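A quick write-up on the structure given underneath.
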Amino acid sequence: MSQKTSEELRQEVSKRRTFAIISHPDAGKTTLTEKLLLYGGAIHIAGSVKARKAARHATSDWMEIEKQRGISVTSSVMQFQYEGKQVNILDTPGHQDFSEDTYRTLTAADSAVMLIDVAKGVEAQTIKLFQVCSKRGIPIFTFINKLDREGQNPFELLEEIERVLGIRSVPMNWPIGMGRELCGVYDRMKNQVELFQGKDHTSIEVRKTEDYNDPIIREMAGDFLADQLAQDLELLDVAGDSFDYEKVRTGQLTPVFFGSAVNNFGVQTFLENFLELAPQPTERKSTEGMVEPEEEKFSGYIFKIQANMNPAHRDRIAFLRICSGKFQRGMSVRHVRVGKEIKLSQPQQFLAQDRDIVEIAYPGDIIGLFDPGIFRIGDSLSESRDIVFDELPTFSPEIFSKVSIKNALKQKQYLKGLDQLTEEGMVQVFRSVGAFEDTYLGVVGQLQFEVFEYRMKNEYGVDIQLFRTQFQFARWIVGDKVDPSKFRINSILVKDKNNVDVALFENEYAMRTAMDRMPDLQFLEVAP
Ligand code: G4P
């Protein structure tokens, strides 16, 4: 590689910030995303993302389910530029029901923004998503939203973050008042006050101060709020964590920002600080060791496959996260799993539902590849070596249904659908062993069943029946002799799609008992 090319690659990598926003529904993710995109000039009119969310419901076909439930099943990627940085926001579905897609998408992010509603604190979905990010050790930034409403005391919120999530926090700014009394925030890093101006909070006044005891604050916010601010910040100085970049980088300390997305308050400060502190794409683990983003040869992996994002195109899109090298349209790469060269000729980038053809892309970017059915989730593509990225965790399903078809004549279509949708990672499939072969589907979120049923009907013309079972745990079994007769009470022995033995258990007791009785076998939470 010429020096010029490697310098270009190094620069492009250093510009990239790829992150996901994790939150519980209604915390304001759509609103915050939209404000961020507005700063980046990616959209021009406030309300576009929301409108897109609505338009998506109107135009998409199988996503009828979204409309029915008022939720977003798909996740897409939004890209914008801000002050020389190339920002990629991975949109994770914000519905209550999880799907594995949500988890997998998080593996493509280099950092996460955790959005918390000031009144509600740390909610269920936030916890689950946080845990996935935390396991990867990526930096997590916190934005506490809806400060214009009465909420919990900021100290209590920080305490809750630490208690529930087990991460230390460092407030980067601090609210001056809250709810109707909110008049602004104090930026602890820059030592400045940022105050709302006007009744409708349309503009913001920024004033530099010596410190939080500066008389300017008193002048601007009044005695009561100035006293409270000084007291709070003194306490933080004494008892709070101090900023430590190394701890932020390794996900042990979360920088906390307060603001109100809908009022556009605190969003710009957040964005600027975030872009400064968030990491550029870093090395990724592979079978051939660590792969640096600056490596000359292109490589990446597929973390998600989506069918029919646009009903006009009855195709599938494979989402690929670039890990190293420069992507150029039309380039040939090795599809490592099948051991073939393929040409990447129709790559797309996403801004919500729009499709643009990508000519060039760099590590940290996400591209959508047209998929005629050759890709599987977790596939690695590489320009030079047979490397396989070890990025995608598999999740143990928690809900299981028995599946059957209503019309036996549709068996062929049924098997095709089952095969393709399993490959897409929509559901996990298990087959019982013995005289009667039952098929079970396992998922992490109920919604996956609904989407599966809908797509089976709409894409494969097959009506299926799902019977919810009592099983709650799946354990992959490693060992020599597995005796099916030992799995009769509150459990069953099945095979996964690779013919590996899996035991399904109805409760923890049954699982523990089986493990105690069969000490020679290993029971794994996910496929070996
Ligand atoms: P989500 O994607 O996380 O599900 O949340 P979304 O942005 O759709 O926001 C959920 C609701 O919270 C919306 O109200 C939104 O306007 C509101 N919201 C977002 N940020 C703030 C904020 O800083 N302060 C206040 N007070 N509200 C905020 P909605 O009534 O459901 O929708 P809309 O009619 O306002 O569009």
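Even glycines carry a Cβ here, placed using N, Cα and C.
Listed features, source TrEMBL:
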{"type": "DOMAIN", "residues": "14-282", "note": "domain 'Tr-type G'"}
{"type": "BINDING", "residues": "23-30, 91-95, 145-148", "note": "GTP binding site"}
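Long-range Cβ neighbours of D26 (GTP binding site) (same chain, at least 6 residues apart, Cβ-Cβ under 8 Å): D117. The predicted model assigns the domain 'Tr-type G' (14-282) a mean pLDDT of 84. Among the binding-site residues D26, K29, T92, L147, the residues whose Cβ sits under 6 Å from any atom of ligand 1 are D26, K29.
The secondary structure of L147 (GTP binding site), as reduced to three states from DSSP, is coil rather than helix or strand.
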